[in-house]
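Pulled from TrEMBL:
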DOMAIN    12-68  domain 'Acetyl-coenzyme A synthetase N-terminal'
DOMAIN    71-461  domain 'AMP-dependent synthetase/ligase'
DOMAIN    519-598  domain 'AMP-binding enzyme C-terminal'
Amino acid sequence: MSNYHIKHLEEYFQVYRKSVRNPEAFWEEIAEEHFIWRKKWDKVLSWDFSKPEIKWFEGAKLNITENCLDRHIPTRGTKTAIIFEPNDPKEEVQHITYRQLHERVCRMANVLIENGIKKGDRVCIYLPMIPELAVSVLACARIGAIHSVVFAGFSANALSTRINDSDCKMVITSDGSYRGAKTIDLKGIVDKALESCPGVATVLVAKRINSKINMLEGRDKWLQPLLDAAYADYVADVMDAEDPLFILYTSGSTGKPKGMVHTTAGYMVYTAYTFKNAFQYREEDVYWCTADIGWITGHSYIIYGPLANGATTVMFEGVPSYPDFGRFWEVVEKHKINQFYTAPTAIRALAKENLDFVEKYDLSSLKVLGSVGEPINEEAWHWYNNNVGRKKSPIIDTWWQTETGGIMITPIPFVTPTTPTYATLPFIGIQPALMDENGQEIKGNQVEGRLCIKFPWPSIARTIWGDHDRYRDTYFSAYENMYFTGDGALRDAVGYYRITGRVDDVIIVSGHNLGTAPIEDSINEHPAVAESAIVGFPHDIKGNALYGYVILKETGEGRDRDNLRKEINLQITEQIGPIAKLDKIQFVPGLPKTRSGKIMRRILRKIASKDTSNLGDTSTLLNPEVVKEIIDNAL
Ligand code: 6R9
């Protein structure tokens, strides 16, 4: 089991050095020893960041679900693969064993085939956090269909854009979903989305809330009867190492979401290896990641990484505040969770509540605490460490992205000494670089720059669906021969990395990436609006909240401002989803622009954060008078 499970700091440095001196030999050894292949590769790696073209394990044949399911059956058939913890704590928990999960995935695979889905077809999955979601994802992988999971909090408009971008033939959804005390009419949202999706032939509907819904004859089918009638076995199709496994959309700095494409073998190897080491997962452990499978964290660290290691992974349908703010800790106690992985926004929200909610539960099972999605501020880190970890469970602040597929910079618990707000050291095989604005690498320590990665790792996204040029322009054109992350970072005196935040037009709100452009597009469609600009400003719980500066058309000038604010937010909710709503909307006579017509967001960010003592260089401003006016009327 060489190098698969790192146990002390010296070993980390040793393995790290080996992984960067000869990456091919390193990853080949991991791939050979820990996975099953129908055929081994002809070449471990070929890459060219200028095209960009990256291939891992070329020539290999495999199916990722054989690695996540079939191979565990002889030794772990009766072990729990998934614990389903429903929204309502009074509803019964489900323990799904590896054998049962295998059977459910096989039945679903047969249902997909019977409904015309073939290898390479795209299937959109728009489901709440219920077992059918994991089963659908794995069933697609089993037959070689490309899954495109869309977070079930996105609006009809956002859903249809994603369905059409990748020409999905099928949508898998449910009648509705539970979210705390509320229910959401998912099928209604799907119906609305599909009004503009002519390519969708079939909608499979899981029953979750027993609501009355509309079923369109010929298109919509209840899922359960099909599963019951389906054959319970399905031999996994053989995939090439570089066959696409899934598409997952992420926000960019233009209006169109980017469908990041992940492929099969490299993604499997890297998510499994990072899961094992970053969480120090051991055979009997119970692991819980609170993310939704609609995000990359759920793909890599609820489904693929844990299952490839034969782990027990929890799927939680609910929210941290229902029925009360003790829910997370009640679940930790109930299932004796050993590794707990959540987002800083959840920590901050819970830290505002009475400590009794945490203190009354037995959290002694916890060994490792994880954080992901945005920088974790010092206060939240200490609260997590003191009250949840009770100072004995290391916190791993894991930095990574949809595009990277797996964790990139993180402490290894019990191995890397942690420091609050630092993601610390690169994971095995990861070669970070900090770059200055002139395209030069900044060497040495105690420096700050733009975070790039110099060398490919197995789970890097291979392209943007249907737009390889955009993939190159976004990630590989800023710096020659480097993958550019879009984040800024500093490296301290001992070489630890601290992520300082986005340096592009993406704003992270409650851990969700939001591009400014799609939100501005949505606001600008309001008949009273002439132009708008969105920036982030610090928020206690969300990390960042959105501040909108809006120029009205003459026809809008006489309108009631509060009504306009409501209408603008309603429009955003309908077109993108409630996560993109603005906290503050200021109506302004103009926006600060450079002579070349670019909005100077830097100035707008300062005004939104009430930090106007030094606006920096304003010499290129075309309209300085507007800045004073905006400051005087800031919210
Ligand atoms: C996994 C995930 C990616 C962006 C990333 C960065 C921010 C994620 C972070 C973090 C500081 C961390 N981010 N983890 N910033 N510290 N530990 O979140 O993917 O949704 O694509 O977001 O999130 O800005 O570039 P994704």
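Backbone N, Cα and C atoms are what each Cβ position is placed from, and that goes for glycine too.
Heads up, TrEMBL stuff is auto-annotated, nobody curated it.
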Open item on the list: Across the domain 'Acetyl-coenzyme A synthetase N-terminal' (12-68), what are the DSSP residue counts per state (helix, strand, coil)?
Closed with: 27 helix, 15 strand, 15 coil
- [ ] Mind looking up the mean pLDDT for the domain 'Acetyl-coenzyme A synthetase N-terminal' (12-68) in the predicted model?
- [x] 98
TODO: Could you break down the residues of the domain 'AMP-binding enzyme C-terminal' (519-598) into DSSP helix, strand and coil, giving a count for each?
DONE: 27 helix, 27 strand, 26 coil
